[in-house]
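Data first, discussion second: the structure below is written as structure tokens.
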Amino acid sequence: MPGPPCGSLLDYKTAKFSLTRNRRVGLLHRLLQLSALGYLLGWVLLLRKGYQERDAAPRVAMVTKVKGAAAAEAAGRRLWDAADLTWPPQGENVLFLVTNFIATIQQAQGTCPESPSVLDGMCTEDADCPMGNPVVHGNGIKTGKCLMFNATCSTCEIYGWCPVENGTLPRKLLLAETENFTLFIKNTVHFTKFNFSKCNTLQTTDPSYFKTCTYDPIFNPSCPVFRVRDMVEAAGENFGDLALLGGSIRVLIEWNCDLDRAAAQCQPQYSFSLQDTRYNFRTASYYWGSQQQLYRNLLKLYGIRFDVSVHGQAGKFSIVPTAVSFGTSIAFFGAATMVCDLVLLYLDGKADLYWKEKFEELQPAPSTLLELPQIELCRQLLGHGPQRQEGSHDLDEEEG
Ligand SMILES: *[C@@H]1O[C@H](CO)[C@@H](O)[C@H](O)[C@H]1NC(C)=O
């Protein structure tokens, strides 16, 4: 083995293989190789697109707009349009559409009996209403008197906005027309890594297109104008039930773009899911009456809260992820050989035989022994151990 010192630099050492016709290990080896190949082709290349560089954090811009009008028969007939029924008005990714409400009109500050729906407001005598204490979860501050609310119950008198809100919700939906309201979502994603932008609306020159179309997952997927009832039903809810007490619907826009293909194929998928049921809040509008008295109209609003979120990822061919994916697959091929070697040497019935064949014990040739000086001979005999290690090391190389 030891050649001239300079020549060894240019030597090429090749591994020596041992062939065995062991069917079981042969089959195992092929199976392992096949699964490594399946991993490479099926999982890495087809499913995970391991040859692509990815960008999963696009920059997102969004504008929403609600359209529609409804007439409600409560405290006089009144028409409500999108500007009255949508919060906030500027079109953000979270918006609230009123579907039902309780109106308490012309409240002024003064004294009146607390609503019997407030537990802490109930009383039987004046001592139950200590003066100056606020009613827990109530509408005002106790004045120290217990008043008859109606024939069956009495409640503490309070100082607050009077008369107090009537806590009973109308059984019938007051704003049933909101089912036909539409929500327009304009959404643009920008994948900075690939400098690629895409908008979810159809690029059209017809200005009336978005005024007439409605979204349909099959027939009209590029018209992002969603009917409210369709969205609630796509989330698996009944519009009438959800609208009565309010709720929250999540609208998810998912972009999954393969930029190795045509840009037109990069289209978002919309999905709807129910996040929460029961949603309401109160709001009031104030005005001055004729006697310079401040009044307010209180509204308890029930409705559907739409929470629009956008997820996106794009992939494009790149040499670095390709090399990494192939590298891991090749490592799996190497692992197949290693596993078969272990089976052959430790688990097989004839493991002893394979062991002997695989690890050759080297004996120094007698002819060289005679030629060597005495000292060198001793060194060689003592150094027997390390020599053996060197032998098995060679075979390790063969495994890799
Ligand atoms: C909503 O629109 C449909 C079809 O245009 C109509 O039949 C229905 O009566 C409308 N709903 C309400 C509550 O007005």
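Glycine too: its Cβ is placed from the backbone N, Cα and C atoms.
Going by TrEMBL, these are the annotated features:
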| type | residues | note |
| --- | --- | --- |
| BINDING | Lys65, Val66, Lys67, Thr182, Asn280, Phe281, Arg282, Lys300 | ATP binding site |
| DISULFID | Cys112-Cys162 | disulfide bond |
| DISULFID | Cys123-Cys146 | disulfide bond |
| DISULFID | Cys129-Cys156 | disulfide bond |
| CARBOHYD | Asn180 | N-linked glycosylation site |
| DISULFID | Cys213-Cys223 | disulfide bond |
| DISULFID | Cys257-Cys266 | disulfide bond |
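Note on proximity: among Cys112, Cys123, Cys129, Cys162, Cys266, the disulfide-bonded residues of the record, the Cα nearest Thr182 (ATP binding site) is that of Cys266. Rounded to the nearest whole angstrom, the C-alpha distance between Cys223 (disulfide bond) and Phe281 (ATP binding site) is 32.
When the recorded positions Val66, Cys123, Cys146, Asn280 are screened for a Cα within 10 A of the Cα of Cys129 (disulfide bond), the ones that qualify are Cys123, Cys146. With respect to ligand 1, the recorded positions Lys67, Cys156, Asn180, Cys266, Arg282 contribute Asn180 as residues with a C-beta closer than 6 angstroms to one of its atoms, given in sequence order. Spatially close to Cys266 (disulfide bond) yet at least six residues away along the chain are Lys198, Trp255, Cys257, Asp258, Leu259, Ala314, judged by Cβ distances under 8 angstroms. The two recorded residues, Cys156 (disulfide bond) and Val66 (ATP binding site), have Cα atoms 43 Å apart. For the binding-site residues Thr182, Asn280, counting C-beta atoms within 10 A of each C-beta gives the highest total at Thr182. The shortest Cα-Cα distance from Lys300 (ATP binding site) to any of the recorded positions (Cys123, Cys146, Cys162, Asn180, Cys213) is found for Cys162. The distance from the Cα of Arg282 (ATP binding site) to the Cα of Cys162 (disulfide bond) comes to 16 Å.
DSSP assigns Lys300 (ATP binding site) to a strand.
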